[in-house]
């Protein structure tokens with residue numbers, strides 16, 4: 001397995017936020033994780049990214065134990081809900097940021113950033129400062145900045161949480177395309193049920209620090225804990241109601 | 001047509017503000033101006049030409065003041081920025097922040113008297129290094145408190161992001177934190193420079209008359225009733241802050257706005 005998490009525990013004082021976390025992920029796959037606010041999703045991602053150290057357990061990436069490795073040495077990029085674009089850099093420089101840290105030759109950086117801008121459909125926005133970009137454009141630049149460094153694993157913490165429904169839908173499509181084009185392995189955390197189903201090759205559900213990964217989407221849908229059945233009932237009832245209204249009209 | 005008083009009031013206000021400065025310049029150019037003469041018997045550059053002579057020691061004072069204030073401002077601003085970050089992430093940040101107010105509880109002269117024993121033991125009495133360290137003790141807590149508002153969750157997120165993108169601590173400072181705080185760093189440099197530039201109490205006690213900054217010199221001339229040299233040293237005293245104010249207005253406040 002590409003990513004193997006074994007028995008990770010993380011406490012804050014007396015509170016156990018992540019409880020005995022164990023799962024694995026194949027390379028070039030996306031595991032979407034559904035969970036309500038405060039269930040330990042962010043702590044889990046930050047632990048895997050090296051921004052928090054686990055109290056126990058181990059993390060293996062591509063066969064290597066990275067449990068105690070510094071975040072800058074892991075090649076795992078963590079993406080926040082906020083785009084966190086650097087306000088003093090334009091879109092081009094924001095995307096080039098990770099490459100400049102690695103002292104890659106300028107001509108290569110220019111080629112790669114221009115290619116990324118094209119993939120993100122932002123060719124004409126490259127010289128704009130973050131405050132001149134829309135929410136969706138900013139999030140795309142943020143994606144580009146993460147993906148261009150060719151990370152082994154991408155951690156996405158509700159990346160579309162602050163976007164409106166339309167932009168969110170477009171961004172979901174864009175992420176799917178980018179995942180395919182750049183062969184990205186990722187953990188996609190969300191509290192949106194539909195997004196979790198759409199984005200993941202595999203799907204998991206996190207509750208009170210425990211993560212359950214399902215073998216397939218049917219098992220996920222059948223589990224009453226996930227709330228999918230309730231959702232289906234709600235929309236089914238609404239559809240039935242609309243049908244009745246239509247019949248009465250005719 | 002209705003007469004507006006606004007331009008007259010504004011002009012009067014500007015004149016009232018500018019008058020002390022214009023008077024200082026006039027006084028620095030004058031000599032032998034006694035009551036009831038309306039104008040001084042001499043107006044010229046005689047006093048100013050004496051800046052270059054060693055007799056008044058003004059040029060030496062100006063140079064040592066500049067050296068002391070630049071050192072204090074640079075060291076306080078940089079260390080204040082770096083240490084305020086450590087304080088922000090410390091579990092006892094509130095206690096540490098409270099401690100930073102300590103040098104301001106005492107009057108500078110009392111504070112200097114408390115420090116004098118240690119400065120004497122360390123051989124820092126009456127030399128420039130001693131004055132720099134003494135003024136740093138006042139300016140550093142100011143810088144620490146000044147930067148405490150800069151650190152927040154968002155800045156922490158930026159730091160984490162740079163780390164996951166492969167950046168080390170040095171790159172985080174150079175490529176992100178310093179550019180983000182550029183405006184604040186310049187303002188803090190300006191403020192700590194002014195704290196040091198106009199400092200009198202600590203400097204007079206720790207410097208014991210051997211380190212004569214411009215502020216000390218102004219007081220000496222006034223004590224001697226030499227108003228012309230006093231005005232001249234005041235003009236020199238005002239010059240660097242005006243230059244800094246100009247740069248701040250042109251490069252800092254414009255960007256912050």
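The chain as shown is numbered from 1 upward.
Glycine is treated like the rest: Cβ placed from N, Cα and C.
Sequence annotations record features per position, and here TrEMBL assigns domain 'ABC transmembrane type-1' to B:62-248.
Under the heading transmembrane segment, TrEMBL lists B:62-84 (among others). Residues 51, 128, 131-132, 135-136, 139-140, 142-144, 146-148, 150-151, 181, 185, 188-190, 192-193, 195-197, 211-215, 236, 240 of the same chain sit 6 or more residues outside the transmembrane segment (B:62-84) yet have a Cβ under 8 Å from a Cβ within it.
The feature transmembrane segment is assigned by TrEMBL to B:96-119 (among others).
Residues of the same chain lying 6 or more positions beyond the ends of the transmembrane segment (B:125-147) and with a Cβ under 8 Å from any Cβ of it are 64, 67-68, 71-73, 75-77, 79-81, 83-85, 87, 97, 100-104, 108, 111-112, 115-116, 119, 181, 184, 187-188, 191-192, 195-196, 199, 202-203, 206-211, 213. The annotation transmembrane segment is assigned in TrEMBL to B:125-147 (among others).
Per TrEMBL, the feature transmembrane segment maps to B:176-198 (among others).
The transmembrane segment annotation in TrEMBL covers B:227-247 (among others). For the transmembrane segment (B:227-247), the residues of the chain that approach it from at least six positions outside its boundaries are 21, 24-25, 27-28, 30-31, 47-48, 50-51, 56, 58, 61-62, 66, 69, 186, 190, 193-194, 197-198, 214-215, 217-218, 221, judged by C-beta separation under 8 angstroms.
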(request) Residue list, the transmembrane segment (B:176-198) vs rest of chain: Cβ under 8 Å, 6 or more residues beyond ends. (result) 65, 68-70, 72-74, 76-77, 80-81, 85, 135, 138-139, 142-143, 146-147, 150, 155, 158-159, 162, 167, 214-215, 237, 240-241, 244-245, 247-248, 251-252, 255-256
